[in-house]
Amino acid sequence: MVQIKILVNCALPYANGPLHIGHIAGAYLGADVFVRYNRLMGNQVLYVSGSDEYGTPITVRAEKEGRSPKEIADIYYEEHLRTFENLGISFDIFMRTTWPEHSENAQDFFIKLLNEGYIEKGTMIAPFCRKIGRFMPDRYIEGTCPYCHYPKARGDQCDNCGRTLDPQDLIDPKCILSGETPEFRETEHFFLRLDLLEDRLKSWISSKNFWKPNVLAYTQNFISGGLKKRPITRDIDWGVKIPLDGYDSKRIYVWFEALIGYITGAKEYSKRTGNPDLWKEYYMDPEVRNYYFIGKDNIPFHAIIWPAMLMGYGGFNLPYDIPANEYLTFKGQQFSKSRGIGYSVDDLLKAVPADYLRYYVASILPETGDSDFSLEELVNTVNSDLIDKYGNLVYRILSFMDRYSINPDPVDVSGDEEFKYAQRSFELWSEDLSGVHVKRGLLRWLDLAIYANGFFNRSEPWKTIKNDRQKLNHDLYLSLKITEVLTVMVYPYIPSSAEKIWNMLGIPFAIGQSYRHLYEMHAFSVHRGAIPFEKIDLESLVSKLNN
């Protein structure tokens with residue numbers, strides 16, 4: 001098997017509030033499963049995310065709480081790190097856009113694109129709140145979306161239909177701080193000339209027929225009406241400074257500089273590992289595929305604006321795939337902690353183990369359309385799949401062996417129909433995950449788990465122990481080999497539990513090395529232990545969430 005290098009960039013969450021399970025389903029769980037799969041296969045992966053700390057969502061929260069934006073960013077940077085860690089998501093580096101190194105990288109991009117003619121100075125109309133006496137950033141303006149008529153659309157984007165907006169596009173716009181209708185006044189800013197890169201972008205997008213249909217359609221629709229120059233600076237004082245004289249009251253806007261955070265993260269990781277040029281291998285070697293895991297609302301920034309910035313700068317790999325997910329809803333509504341819709345990740349982790357949550361969310365990932373989160377379905381899915389099918393299989397095999405003090409000798413089962421079925425399941429699962437079909441890969445695993453239970457039942461070891469020890473040895477060994485394959489396949493989804501079961505099976509190599517040895521007929525040194533699954537019930541789950 002040829003090993004390859006892969007760069008996985010995961011959307012930078014705003015450091016302005018807790019992560020809810022909609023965030024995890026949108027970008028982070030799928031990315032983590034994909035990264036763990038590739039590492040199982042022996043591929044080298046650089047896994048980067050970070051904290052988006054210069055956005056107006058941070059300043060909005062800071063003003064509401066009477067804190068500085070940096071205080072808010074510090075609080076949620078640490079909280080997000082803990083949440084990801086508790087959920088078993090571990091990035092190689094989780095950068096911060098407030099790092100000085102990031103400002104340097106963003107300013108370098110700004111100057112290079114300016115010198116190449118892809119950034120120009122101009123004027124724009126911006127909302128000015130007379131009551132407060134200053135220009136207001138886009139996010140400080142809310143109103144009705146002119147496209148879908150959602151009443152809480154922001155001045156930069158409608159979260160309901162996903163369209164990017166300008167504040168003056170809104171119907172009945174209001175300043176969120178004063179409640180006043182803003183005036184629209186002229187102000188000087190810098191613009192990214194997306195129009196100059198439109199033909200190159202269209203040509204590049206035409207080669208992406210393997211993208212998810214929803215992502216490709218969204219991108220093609222976005223660009224079909226023609227691209228316009230887009231402002232990349234704002235009248236704010238919280239952000240990366242414009243590296244030119246005379247613009248002290250303006251900053252580079254977040255949607256431009258935050259994208260550069262992926263490169264900042266890769267550079268910082270390279271420095272920390274003692275190889276400062278390592279990042280270039282991931283960004284400049286055309287053989288390295290770059291994946292960007294994001295939510296639906298980030299598609300235009302990653303499929304249009306970021307590639308345009310990379311094209312304008314020159315020398316960088318463009319995104320290979322952008323497997324953006326749709327929305328995970330709660331009772332048909334988008335998750336919103338502030339509006340009391342749904343649950344934060346931390347709330348749920350107090351009520352259920354991380355692997356239970358990972359498994360259920362993976363089973364309902366909104367990969368090509370919205371899906372709905374349900375506590376009832378969480379309970380049913382975990383109990384039915386993880387416990388009744390997988391956990392029960394492991395328990396029955398190991399308890400039988402323990403009861404009769406049996407540890408089967410290795411035997412060649414490579415020609416057996418059941419082992420060939422497991423091999424084919426693994427190959428299809430591998431195709432699914434290499435193509436970022438995370439939910440489909442889980443269904444492959446579940447199918448094999450059902451098949452493995454059926455084989456164990458048909459083999460009837462409780463009978464062959466009495467009259468056919470050779471068949472007993474063969475069938476038990478075959479059940480162990482299929483369970484080994486099952487455990488490798490489920491590891492990217494529930495890593496902690498899978499590793500515990502792996503150790504119980506007594507397999508003579510680490511699960512991370514399994515791709516090299518999976519079809520070897522090695523010995524098992526089985527030792528029975530507590531199966532890492534317990535059934536959950538809805539009543540106790542709700543009680544824990546409410547306490």
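The chain as shown is numbered from 1 upward.
Glycine is no exception: its Cβ is also placed from the backbone N, Cα and C atoms.
According to Swiss-Prot, the feature motif ''HIGH' region' maps to 13-23. The average per-residue pLDDT of the prediction over the motif ''HIGH' region' (13-23) is 94, rounded to a whole number.
DSSP assigns Cys148 (Zn(2+) binding site) to coil, not to a helix or a strand. Less than 8 angstroms from the CB of Cys148 (Zn(2+) binding site) sit Cys158, Asn160, Cys161, Arg163, each of them six or more residues away in the same chain. Annotation comment: Swiss-Prot describes Cys145, Cys148, Cys158, Cys161 as Zn(2+) binding site, evidence class sequence analysis.
For 334-338, the entry in Swiss-Prot reads motif ''KMSKS' region'.
The annotation ATP binding site is assigned in Swiss-Prot to Lys337 on the grounds of sequence analysis.
Every protein chain shown contributes to the tally, and the Cβ of Cys161 (Zn(2+) binding site) ends up with 14 other Cβ atoms within 10 Å. The residues near the Zn(2+) site, meaning same-chain residues not in Cys145, Cys148, Cys158, Cys161 whose C-beta sits within 8 angstroms of the mean position of the site's C-beta atoms, are Pro146, Tyr147, His149, Tyr150, Ala153, Asp159, Asn160, Gly162, Arg163, in sequence order.
Under DSSP, the residues of the motif ''HIGH' region' (13-23) split into helix, strand and coil as follows: 3 helix, 2 strand, 6 coil. The DSSP secondary structure for Cys161 (Zn(2+) binding site) is coil.
The Cβ of Cys145 (Zn(2+) binding site) lies under 8 Å from the Cβ of Pro151, Ala153, Cys158, Asn160, Cys161, Arg163, Leu165, Leu170, Ile171, each on the same chain and at least six residues away in sequence.
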